[in-house]
Amino acid sequence: MAEPLLQLSGVHTHIGPYHILHGVDFSIPASQLTVLLGRNGAGKTTTLRTIMGLWQASSGMIRFDGRDITKTSTPDIARAGIGYVPESMAIFTDLTVRENIVLAARSGPVEPARLDWMLGLFPALKRFWNLPAGNLSGGQKQMLAIARAIAEPRRLLLIDEPTKGLAPVMVRSMIEAFKALKASGETILLVEQNFYAASALGDNVIVMDDGRIVHSGAMREMVEDKTLQQRLLGLSLDAHQ
Amino acid sequence: MTEMAAGTTTSSEPLPRAKTDLLPLLIVPALALLALPFVGSGSTWVTLTVAGLAMGMMIFLMASGLTLVFGLMDIINFGHGVFISLGAYATLIILGPLAGWAQADSVWLNLGLLALCILAAMGVTGIVGAVFERIIVRPVYGSHLKQILVTMGGLIVAEQAIHAIWGASPIPIPLPETLRGAFIIGDVIMERYRVVAVGIGLIVFIGMQLLLNRTRIGLLIRAGVENPEMVEALGYRIRRLFVSVFVAGSALAGLGGVMWAFYRQTLTAGMGMEVMVLVFIVIIIGGLGSVGGCFVGSILVALVANYVGFIEPKLALISNILVMALVLIWRPQGLFPVARR
Amino acid sequence: MSTSPTLPLAFDEARKSGGFLSSLLSSDFPRSRILTFILLTILVVLAATPFLFSGSQPLSTAAKICVFIVLVASYDLLLGYTGIVSFAHTMFFGIGGYGIAIALERLGATWSSVAIGLLAALCLSALLAVAIGLLSLRVRAIFFSMITLAVASAMAVLASQLSGITGGEDGLSFQLPFELRPAFKLFSEPVMGVAVNGRLIAYYLLFFVALIMFLLLLRIVNSPFGRVLQAIRENEFRAEALGYRVVAYRTMASVISALIATVAGALIALWLRYNGPDTTLSFSIMIDILLMVVIGGMGTMYGAVIGATLFVLAQSYLQVLMDAASKALAGVPLLPNLVHPDRWLLWLGALFIISVYAFPGGIVGRLRQARQ
């Protein structure tokens, strides 16, 4: 296999007095969608934030495209080509949809073709183009957050629970959007608690518990192996269905 | 999935209504009208209103930088007042060599002098602001307690430094010749300098609004006030943005200091800290981080002080506190609460 | 802290054997040999000032130190132990001063006037402290400092404007009860060469009230209540999650601190036989308090003693030193201005900034560290 696009080795993260990540190791191959699963508090969000440099790893190494980014500042990590959609979506509610997108395209105006592609993925955004983003519904905010992450070409997208709190119909259209993203060759690390969505999208799967990686492999294997599902994900995930 | 989000994309869905919050904006004219019958005479009312607007604009100039700095970086600078004093003292750099311009009976020379004073003040306070940010503020990001303490320390040292450089006794400064006196239209008396102050205040306010709403830098600032972390995650170095805003905020305080100095016509090192009380009240009323709120709050406080001062002078002393208490009871986050994370 | 049951046995033994002293200090010892020595020196010198020095200047300095120890220690309860910055502390100090001044001026120079004035002042202070607490209860914590600043400055303006009651900018001078006047002699003969007159009695009244107040504060911060305050300071959300009503505790701390500041205000007024805006209400006193508590050491109580003593001495004697330096540097540009005796605050301000950065525990924290 070719060198993975992103590689974490032995990453520990402390937040204040709390030790959250206890030596996380995994790698993300290019042009595939990897799903990060785990129950609440397993350390999924912390992992994404640590990759993004929003929290500093206290030890271990994070390599992106052959480069050590463990100590790199967040803006520089973003400039290296990582797009980030936090769990809170972090939409700028005071800005219009257009202004949110304009800001996200840091290196200049969004190319017309890219804009058409984005708005094709998320048609709702076109209708609310000049309205304050604070007026959008939860699902529309999520679309805007993802659109913002792809407003310019990125090498890797980190997306934190995009289906959280969405209505089933919305979840389905979100899955369609992700399928389209995958088809266009994007590399995606997706944190997901919804196993239905995860299994529909993932090429690979990583499972976390208690700040450690407890399983990683192909998604197909996991979908087929019910005992593995039961052991790793237990009842908590079934309850989500 | 039990939670039903309203997010469907069916095309029949109506456009969400833009949330415009005009209520706080209506307070100011409503208040002005309400005061009219109590003041009695229409011409007195106009005089009071213009005077109040002028005062409000000066407070706005001094407060706007502070509120932006807070909004963007969650930094509360109790030493902001020293930039007001410093701006005021910086006029001496110009007033010394160009004393003749102040006495000249020419509007243009007088206004030119004022403009030069403003330039000098903004230059000095901008530079000192950059130093202040580096030495005093930067080491204490994240801890409000330390920020308050250390910026108070900066205030003490800087005030003493002003004493050391320019002496400890108050220094009188002349208001340029043609800015003295008042325009008299019928029964209405409007002091000329206050009209100038209203003009400068409006120019700065409109300029800031244009900058914040029409430029990329402005977009960044607004986005940064709401969620600085996400701005960084989009690849912007917010530190640099913040230093620029801190410097600009200090320069604006310097500008406010010049206006305030010519209004008082006396310089003292403590003049900035004295007016800081009003500045704090204004940014609390407006909503920390909101420039628009700061503008409305400034005018509100100044008008109330003027009307109350005319109607019931004894009450004027605590009118500001009362306005603040009432606003906070109505809206605990201020008139225009700034959304944050 | 020292009453924690997990402390080493040896320490517990020491505490038991400490007995009376331990209970007097609420088991919160200075925990540093040098610090203990300095504190003892301050205590002994303050107690013996009338017998050690002659003239009124040293006695006045000592009285001022006593009052400021109480004032600064009560502020430390807020800043150091509860982690909130209030700028209204001088307001309560002033209320105490005005309570005494107005009562003694209006109702005559009797002890009952003193009692009435003090009681009225305490009530007003408590009321105001609760009101500020309730107002800031609705808003973000960061507003608290700004609101206290606004309220305090409004009160200062009010005091200088309502000259019919407060004497305005001139303040109020008044007569003390007979037993505190210089003319009153307790014994006909001098004791150890010092006349035991009303002035001396007034000093010891100050000294002992200050001592009691300080020990009371020490008791408060080492009580379960004080520990909750510190828990709130360390982690507000955790304290809230543990079921402590943070706002109630903070308001309570504000009230206690305000009441003790009021007592300090009453003491200074009694000593000066005068109260005015400049002696108790001004913002510059507020800055002085900040300097004293931070330089002495926040959250240590003993820091108040060190800070107040150092500051008051500096105020009186540092200027002499700087005067000499200034004269020595005459001719050099700007430098003489920087060491001019009036610029002493410049250097204390710089020391203050350095303290906040480098020695968050101030002098006391530094001394305790050196011991380990």
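Each position is counted from 1, following the chain as shown.
Using the three backbone atoms N, Cα and C, a Cβ is placed for every residue, glycine included.
Listed features, source TrEMBL:
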type	residues	note
TRANSMEM	B:21-39	transmembrane segment
TRANSMEM	B:45-70	transmembrane segment
TRANSMEM	B:82-102	transmembrane segment
TRANSMEM	B:108-136	transmembrane segment
TRANSMEM	B:148-173	transmembrane segment
TRANSMEM	B:193-212	transmembrane segment
TRANSMEM	B:241-263	transmembrane segment
TRANSMEM	B:275-308	transmembrane segment
TRANSMEM	B:315-332	transmembrane segment
- Query: Between the transmembrane segment (B:275-308) and the transmembrane segment (B:21-39), do 3 or more CB pairs sit under 8 angstroms, pairs being 6 or more residues apart?
  - Reply: yes
Relative to the transmembrane segment (B:82-102), the stretch among B:45-70, B:108-136, B:148-173, B:193-212 with the most Cβ pairs under 8 Å is B:108-136
Long-range CB partners for the transmembrane segment (B:241-263) (under 8 A, at least six residues beyond its ends), listed in sequence order, are 57-66, 68-69, 72-73, 75, 80, 83-88, 90-91, 114, 117-118, 121-126, 128-130, 132-133, 137, 173, 175-176, 179, 193, 197, 200-201, 204, 217, 220-221, 224, 231, 271-272, 275
Tertiary contacts of the transmembrane segment (B:315-332), defined by C-beta under 8 angstroms and 6+ residue spacing from its ends, are 24, 277-278, 281, 284-285, 287, 300-301, 304-305, 308-309
Of the listed stretches B:148-173, B:193-212, B:275-308, the one with the highest count of C-beta pairs below 8 angstroms to the transmembrane segment (B:45-70) is B:275-308
With the cut-off at Cβ under 8 Å and a gap of six or more residues from its ends, the chain residues touching the transmembrane segment (B:193-212) are 50-51, 53-58, 60-61, 64, 111, 114, 175, 179-180, 183, 218, 221-222, 252, 255, 259, 262-263, 291-292, 295
